[in-house]
Amino acid sequence: MDVLPRAPAEEATPKLVNAETDSTSSKEKQLTATVADFEPEQEKPNPIEYALSRQQLIVAYLAIFILLFVQELTSGIFRVLNPYVTSEFARHSLTATTSVVSSIVSAVINLPVAKLIELWGRMQVLALMVASMLLGIVLLASCRTVEAYCAAQVFYTVAFYGIRFCVVIFITDTTAIHNRAFFIGFTGSPVLATLWAYGPMTDRILRTIGFRWGFGLWAPVYLAVSLPVLAVFYSAQKKAKRSKATDSGAEDPKQRNTLQLLMYHVKLFDLFGILIISTSLTFLLLAVSIYSYQANEWKSPLIICFLVFGAILLPAFGLYERYLAPSMFIPWSIFTNRTVVATNLMVLTLQTAEQLSNAYFYSLLIVVFRQSITNATYITNIYYIGSTIANLVIGLVLCRFGRIKYFALCGGVPLAMLGIGLMIKFRTADTHIGLVVLSQFLNAFGGGILHPIEQITLMAESDHEHIPALLAVESTFAQIGKGIGYALAGAIWTGMFKNRLARYLPLAEMPNLERIYSSISVQSSYPADSETFKAIAHAYGDTQRTILLTSIGILVATLGFTALWRDIDVKKIGGRLKKT
């Protein structure tokens, strides 16, 4: 398996798109052929991929693996420390609010990061993200109020997703497209180890040095593991410029004054377009994230305003990009490409279905299946383990067989549907827990096949220059899907579970209805052979059935959007054209 595609020894034979009359000579046809006359499934060479040797790439990916290992480990530790921080300030009820802030930031951050990568360069943006990470960690360790903690979470979340995005772009720079799924899986593989490590480490931190040092000690570690990656990015960028392989046709801003320079970057950054779409997404995600905190929920004036203005700004962004933007975020021809549109909608529906089906899965394990907290955590982590393994496997398969559409259409989506569908049967208390584990593995394998393929599909439909922007849009659709999934799960749960409890609970327990409904600890405290437990399990079963059936229905839409993809063979895209 080649990490880098080798430049072809001879120029590829062009395929003419316009046939001439019989009187036109073959020589004239050859003279009129241009790069555009090649098959569209051919990538232009990218300068960075020829700037690093194979040995340098091995070192680069090893350094990236170590950085992402530390990132995954600290992410798990920080997530567990979160409620202890808010409790320190006697504001434990705001634990979920800090997560809302992080989820919204993660949804919109990749859009400006993609533009910065295009304008500044990979190394500069990665350095900015590392600086944001260090600042976030220092603020997490030193914060004295919940408000300061939320601000620190923003810096940390921006850096977390920004670093991962830079790594994905580095993969696209340094690998052939048919190998990228494997390397995306490789960079995600640290989760196989960190899932088992961060729990005991966090417990030790809380029992010894406390949460402040539990945050702060990672600042020098992050700096140490980031420097080698920054050095690799700098070396690649410097060599690419030295070899004059980079595009020299861009407008030179050096001779401008300060105001002209500012306007130049505002124009290229598409600042107004980024502000419109970011504001729209923030309003929509705020609505689905905080509606449950409002007295009237979806009928609250605040939520209605968020939904209305967010919905208005979405088409406004499209119209602005089409008719007014001086520099479009994504070329309109790519933005309206059938496969690109279908892929983003497939990502949105897939994430909606996954988050919907998983929203109350942990509670189901604790209450209905009587699992310990440790076992329930292990079972919920099956998705991360199974999807990572499937990601690596499908990455290896795509190195040899490149018809990505059919792996998604006949493998990924059906496996996800089968895994969620089996839970409709296995949701009751009399089911052996091993069958629940099986269904989770099937769902995980389906997701692990789909997640890299959706990114490879977008890469195949774009030139290299616009891949960061396309991947940023894809990640935004994924975050929107997650928000919709959680909102749907919350709506189904609040609208159904309490009613089912009222229907099934023994009359003697009716005074405790509100207490049972609102507390997982109370729900799990009743003996397994009691009538109250059977009523609770019955209510869980009815509610989960509705949630899972809704997920299956959404996955049908996922299957339909996948069927709309163009039939792409990434093995044929792997070849490179020489400059003429």
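The chain as shown is numbered from 1 upward.
Every residue gets a Cβ built from N, Cα and C, even glycine.
Just so you know, TrEMBL annotations never went through curation; they're auto-generated.
Source: prediction; values computed, not measured.
If you look up TrEMBL, you'll see 1-38 marked as region 'Disordered'.
Positions annotated as transmembrane segment by TrEMBL: 58-81 (among others).
According to TrEMBL, the feature transmembrane segment maps to 125-142 (among others).
The feature transmembrane segment is assigned by TrEMBL to 154-172 (among others). If one looks beyond the transmembrane segment (154-172) by at least 6 residues along the same chain, the residues whose Cβ comes under 8 Å of a Cβ in the stretch are 46, 60, 64, 67-68, 71, 75, 78, 101-102, 105-106, 109-110, 113-114, 117, 122, 125-126, 128-133, 135-137, 139-140, 180, 183-184, 187, 233, 455, 459, 464, 467-468, 471-472, 475.
Summarising the annotation, TrEMBL assigns transmembrane segment to 181-199 (among others).
Sequence-distant contacts of the transmembrane segment (211-234), counting only residues of its own chain at least 6 positions beyond either end whose CB sits under 8 Å from a CB of the stretch, comprise 52, 56, 59-60, 63-64, 66-67, 70, 74, 77-78, 81, 84-85, 88, 122-123, 126-127, 130, 133-134, 137-138, 140-142, 166, 170, 202, 205. The transmembrane segment feature in TrEMBL is assigned to 211-234 (among others).
As annotated by TrEMBL, transmembrane segment applies to 271-294 (among others).
The transmembrane segment annotation in TrEMBL covers 300-320 (among others).
Sequence annotations record features per position, and here TrEMBL assigns transmembrane segment to 382-399 (among others).
What TrEMBL lists as transmembrane segment is 406-426 (among others).
Residues annotated as transmembrane segment in TrEMBL: 546-565 (among others). Panel annotation: around the transmembrane segment (546-565), residues 338-339, 342-343, 345-346, 349-350, 352-354, 356-357, 359-360, 405, 408-409, 412-414, 416-417, 420-421, 423-424, 427, 457, 488-489, 492-493, 496 of the same chain, lying at least six beyond its termini, place a Cβ under 8 Å from a Cβ of the stretch.
Most Cβ pairs within less than 8 Å of the transmembrane segment (58-81), among stretches 125-142, 181-199, 271-294, 300-320, 406-426, belong to 181-199. Only pairs six or more apart in sequence are counted, and the transmembrane segment (271-294) with the transmembrane segment (300-320) gives three or more Cβ pairs under 8 Å, enough to call it a contact.
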